[in-house]
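S.K.: Encoded as structure tokens, here's the structure I'll be asking about.
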């Protein structure tokens, strides 16, 4: 048996003509629901009673309520057969109704919906309404459906209990029906004729009020997400203000962020469960929600990295696009899995298992994405993600890290009387001369520096903060610290071990891993010494007067003699490359060498060739710093050398720290 349900509010002769056209169909049982129509419409219903069973609402309750009334009535008649719903305004023809019925019979477990082609003369409100709803429907469900507003639908009688439980009593019910069916039952479509009589003036659809009802569930989810964001940000701000005076910057940052996310996440869970999805089953869904939150965070991070690596440069727009996608994923998972009804859940699981078992390639894709996500995160953690840290103070306790540059003794120095040229700087305390030479097919820049006091040899950290991958270009750090001359430092932030001492502060005290543990210790009196981390503690070095410790290596010259061989390849320093090195002639006389490399004009220097340049200036101790793309020489507001990043492009690489001359 095919039950044809026609909800009717203030119908006209078109309803009678439709029923008359179907009168010869013996397997069709029409049911017309009078949804509180006026007395003027009663003659139409009297005529309709000759062709259909009439059910009546004493007052208008809405199309969704009319359908549910008919569903309940059919369930009292029998438990088998199929149901087709159609409109009373003449939009659905006899042929289309029978087509939907046939598809139901050939797909007995499916939900069938008619689809129209919106071409030719279509009323503007219908065209705009369907286009908007179609795109929102795809965004929310991931299912492309060309017509989401068609009232001609079909399904088995066995589906009625499920459909009756779907919320909504007016036009929104048909949209809610589609949203609930997707992922629960198979969906089939039936192409039907597009008919609008008198520009659809007989339709009782209110474009604002009923549109709000249709999108209400989606809008509630948006509101829940917005409220959760505000809770997260306000809690984060409050906690940061409370924690900052009593904890290190890093501890306050992490504590505020994690606690705020837990608070907002729990609030979001409660709102979605009770207000958006109205889950009253009493099942434990919090654990699943937490897994979803963690998964969304990982998915979000992976997409940001992937699209950025593919060349998407606008990070603000990228973040917005990724958040919209993650919003849709979150909606689908919460709706269809976390807060789904038990019957729906069983069908979801059965349907998706069958699909997955037929698509082994999908497992390979999921596995590949998972592995790529993990590797991408590992690469980000190593090279990109800034991790501002607490540092180890002299007593070994945690302390907060602000600016590492101590300018208190001479920050007020007037440099307006200095004599400055492209290759020289001179004032009463600092004299610098630059020369450029060519050796081993490489351009080399040498800075000869004499100071009246060792205090003018300084170090500074990127963003004035200590941590993994907290970076800025050498020129940026130099400019922020009013450096006269600066070079890149040891890029401590690329590693998670190795001593870090800057301007007398002990920032990290873990022994460096790798082939060499040789560091350059710079003492308060200006002297240089090569030390071995494996043989002395960082705390002992600070107590002995070390104000700056650079950990890259190897040592190039010790006691005036070259300490590397022509074949040396140590750690990160291999073959011919751009180089940066610092050496000392005496406590107030330094030599800095920076070479180009990796370009058609300059091949670069080996460690031994770099040591030879230092030796020619009669330095007593010289040490190799981070090279390659990091090698940068900054003087009087300009980058002097040709730093290479991303192949042969002349571009500064961001680094963790600098060594500089200045006040």
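A Cβ is built for glycine as well, from the same backbone N, Cα and C atoms used for every other residue.
What you see is a predicted model, and the numbers here were worked out from it, not measured in a lab.
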S.K.: Looking at the ranges 218-243, 400-425, 426-451, which is given as transmembrane segment in TrEMBL?
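M.R.: That would be 218-243, the stretch labelled transmembrane segment in TrEMBL.
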S.K.: In TrEMBL, which of the ranges 171-191, 192-212, 360-380 has the transmembrane segment annotation?
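M.R.: Result: 360-380 is the stretch TrEMBL calls transmembrane segment.
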S.K.: Using DSSP, tally how many residues of the domain 'Glycosyltransferase 2-like' (4-129) sit in helix, strand and coil.
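M.R.: The domain 'Glycosyltransferase 2-like' (4-129) comes out at 54 helix, 27 strand, 45 coil.
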S.K.: What is the average pLDDT across the domain 'Phosphodiester glycosidase' (481-661)?
M.R.: 92
